[in-house]
Amino acid sequence: MKVVLAYSGGLDTSAILVLLREQGHEVVTVTVSVGQEEDLEEVEERAYKLGASKHYTVNAVEEFAEKYISMAIKANALYEDKYPLGTALARPLIAEKVAEIARKESADAVAHGCTSKGNDQVRFDTMLKYYLGDDIKIIAPVRELRLTRAKAAEILRRNGFQPPGLHKTYSIDENLWSRSIEGGPLDDPMAEPPEDAFAWTVAPEKAPDQPLYLEIGFEKGIPVSINGEKMHLAKIVSLLNRLVGAYGYGRIDHIENRVVGLKSREVYEAPAALTLIEAHRDLEKTVYTPRELRFKRILDQEWSDLVYQGLWVEPLRATLEKAIDELNRWVTGTVRVKVYKGSLMVVGRWSPYSGYSREAIDYNHGWYPSDEEARGFITIWSLHSLAAAKARSLWG
């Protein structure tokens, strides 16, 4: 049987590759680059050493930025107000590329390294079923065999291979949008994450003593420039990860509700994601009416939940994106942010579509409603609330 394996080069997928070869299967490995800081040539070399008959490295960084990250920014995507969906966003794209190669190779099955306790199994299986239907079988050895990291390492040693990354305290997943850190001391929700868990951000107390100011330009909701310099979104994200992370901003530590019914302690680094979403939300407040703003928050939450829950194929997502895109037509302008020792504050914003009027809001000059106008407005505005309050007070 020919199996196409979504291969990260880590411990689990390396053990799966050896297991599949032990079972007599031909294995074609696929590594999809979505911005992870990994030596992809080394990953390819490892795949061949472990017995892959063919290896594909797919560069999908630009596509990840332009198709997935851009919409996450427009949707202010923060699952449970914290997690910017880095891993969740990348899985549909990786599954798509793996499915394409499975078709190209006329594979009998595709395999992945997801555990039965995680969200990724839902994301991968759902997308693979969408692209491959029932023609190509989905194999999940970690789930099927309840494969622990210790067992995976033993499989590799038994076959004469050194387990990759076994010395690491943490399980890491990273891409252009975020870096996820799990395991080790982080499994204790009361334990502060040790500094060795972080790679993209410095400790805030060790950040520079002078603040960093940045001006981020947006066009129709999408970041297009930093300090006036136009650049592609992938470059903007990469640059902000480096610049903002150096000032200690971008760390996330929270309890997360997984799709599979478990609560997990999750630690992330996402300097660019948090910066761009904060700037985008501020620009939205500058241009939207109050009703648009409230409605947009509903759209954002629904979109974020669908993506987190592995339902990229859900038709509602496309419907939500049409509304999100329509509202983002007006989110054009510049946002100025100040980053200092682990904090970020928006300190300026401008848009040609701004509803803000300096003249109207000035308390010393300009337009003022008359006393009669104000009294009339307050009377009408408060009618419902006053009537209900009085009626209910009668009944205790």
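Placement of Cβ uses the backbone N, Cα and C atoms for every residue, glycine included.
The annotation in Swiss-Prot ties Tyr83, Asn119, Arg123, Ser171, Ser180, Glu256 to L-citrulline, and of the candidates under consideration, Tyr56, Tyr68, Tyr247, Tyr268, the one tied to the same site is Tyr268.
When Gly51, Gly86, Gly113, Gly118 are compared with the ATP site residues Ala6, Tyr7, Ser8, Gly9, Gly10, Leu11, Asp12, Thr13, Ser14 in Swiss-Prot, the one appearing in that site is Gly113.
Here the binding-site residues are Tyr83, Tyr268, and the one whose Cβ sees the fewest other Cβ atoms within 10 Å is Tyr83. Cβ neighbour count for Ser171 (L-citrulline binding site) (all protein chains, 10 Å cutoff from its Cβ): 16.
Cβ neighbours of Asp120 (L-aspartate binding site) (same chain, under 8 Å, six or more residues apart in sequence): Thr87, Arg91, His112, Cys114. Cα of Tyr83 (L-citrulline binding site) to Cα of Gly10 (ATP binding site): a distance of 24 Å. Distance between Cα atoms for Ser14 (ATP binding site) and Glu256 (L-citrulline binding site): 28 Å, as a whole number.
Taking the mean position of the Cβ atoms of Thr115, Asn119, Asp120 as the L-aspartate site, the remaining residues of that chain whose Cβ falls within 8 Å of it are Cys114, Lys117, Gly118, Gln121, Val122, Arg123, Val260. In this structure, the CA atom of Thr115 (L-aspartate binding site) is 14 Å away from the CA atom of Ala6 (ATP binding site).
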